[in-house]
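Trainee: A single structure is presented below for examination.
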Amino acid sequence: MSATPTPSSSSSSSSSSSAPASDAGSLRIDPERLRAYLDAFASPDVGGTPQGGVSRPAASDADKAARDRFTETARELGLEVRFDDVGNMTARRRGADDAALPVLIGSHLDTVVPGGRFDGILGVAIALETVAAMNDADARTQRPVVVVNWMGEEGARFPPAMLGTGVITGQWDAAYAHSRTDADGIRLDDALERIGYLGEPEHRVGDFFASLEAHIEQGPQLEQSGALVGIVPRVEPVRWNMVRVTGTGGHAGGPGPGGRHEAVVAAARMIVAARDSAVADGAFKTTVGRMRVEPGSTNVIAHEAEFSLDVRAHDDETLDRRLDELEALFRSIAGEEGVGVEIDRFWSMRSPAFDERIQRMLERAADARGIRWQHTVGTIGHDSVHLAGAGPTAMLFTQTRDGRSHCEDEFAPWESVVATAQVFADTALALANSRELDSAS
């Protein structure tokens, strides 16, 4: 199989004079072409790993290779490719009314390290397949359709997460994004310039008619129920925190345990207390994914310990209340251990509801195809959360085997992938031919 899928014979006719296609059944997903798109963005030359995953941090050499492949594939489909000043990429299919607000479809190509071959990548592959299916049907839509590859959704190299959509929706400005640094102190703008993807602000996505994203669920709900497609009403909110504990350093052979003020011991107590509180409550989750100890020597009592704390709950009110309680608990532990503690609540993802009108369109598209679906609340952040604050937005989920993601054995059953792609394509076509959302729904 070639690295880049062969475009359909009608790929150059995206601006043809044929009548707009409005019947959902007029699009037919090609499963093998979809698989080829997915494989093309998970091959070794774009960060694919021997274990079947993908390691592609944002603005890396592997990311450049994937961006180049996205550009090549999109142009073969007759799309106009651009990238903006924070690295977001767009590939535009012209509409009959090309000045109309566009329909955005797509996801992200960056990954955690090491990551899986479906997270984000599948959403871009489904978006490209949707355009290819439109070309197959010789469908000229009323509105432009724009395939997107959002910058830095994972936040793995340049935190915070969802950086690209954060800029275009006004969460942050470009200067903030450019100043983000990786573990080696490299700035985002320098990294993007090095790989040739630091673009112009005028190429940013502006207002849009609707946004649609397909993604693996990254949880067990769909697999457990047997539903092939998840229609997402909302995503649970998230708060990211850095907790810095400062104690008194010294030689390991010096003061006895009773006379120490150890940063590591206090931090360990805080981490366990957060976990125990979450288990006892049952309404929120805590995760410590990173920890740093200074000076980091075997025979030295550490004077500082810093750890990340990811906290999630079903709703914003519960989450903020639980976070306040954890902060009070940490300060109590610090007092008992005779250490200092600072808590930086540096990133917040709130939980806006997705557009109910688009959800109804997705439901009808699934019903028309006889595809089993269910409403599935997301438990992980996505670019669509930012976009939902800027315009009508919706998401679809595929099943995820054992609910496992952000790992090399991440897997989505193919029957679920194809079903989701078909519902996605049918709905994208309907949106692209709608004057108003109410008339579409």
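Backbone N, Cα and C atoms are what each Cβ position is placed from, and that goes for glycine too.
Any TrEMBL annotation is an automated prediction that lacks curation.
So TrEMBL lists the following for this protein:
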- 1-22: compositional bias 'Low complexity' (COMPBIAS)
- 1-28: region 'Disordered' (REGION)
- 41-67: region 'Disordered' (REGION)
- His108, Asp119, His215: Zn(2+) 1 binding site (BINDING)
- Asp119, Glu154, His406: Zn(2+) 2 binding site (BINDING)
- 241-335: domain 'Peptidase M20 dimerisation' (DOMAIN)
Trainee: Please indicate, using numbers and ranges, the residues of the same chain that are 6 or more beyond the region 'Disordered' (41-67) and have a C-beta under 8 Å from a C-beta there.
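Mentor: Non-local partners: 3, 83, 87, 89, 109-117, 121, 124-125, 149, 151-152, 154, 156-158, 163, 182, 188, 191-192, 194-197, 407-410.
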Trainee: Using DSSP and collapsing to three states, where does His108 (Zn(2+) 1 binding site) fall: helix, strand or coil?
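Mentor: Its secondary structure by DSSP: strand.
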Trainee: Select the most exposed residue of His108, His215, His406, where exposure means the fewest other Cβ atoms within 10 Å, treating these as the binding-site residues.
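Mentor: Counting other Cβ atoms within 10 Å of each of the binding-site residues His108, His215, His406 gives the minimum at His406.
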Trainee: Which of these binding-site residues has the least crowded Cβ, counting other Cβ atoms within 10 Å: Asp119, Glu154?
Mentor: Glu154
Trainee: Reduce the DSSP letter at His215 (Zn(2+) 1 binding site) to three states and note it down.
Mentor: strand
Trainee: Could you tell me the mean pLDDT the prediction assigns to the domain 'Peptidase M20 dimerisation' (241-335)?
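Mentor: Result for the domain 'Peptidase M20 dimerisation' (241-335): average pLDDT 96.
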Trainee: List the other residues in this chain whose Cβ sits within 8 Å of the Cβ centroid of the Zn(2+) 2 site residues Asp119, Glu154, His406, in sequence order.
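Mentor: In sequence order, the nearby non-listed residues are Thr111, Val112, Gly115, Gly116, Gly120, Ala156, Gln218, Ser405.
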Trainee: In whole Å, note down how far the CA of Glu154 (Zn(2+) 2 binding site) lies from the CA of Asp119 (Zn(2+) 1 binding site).
Mentor: 10
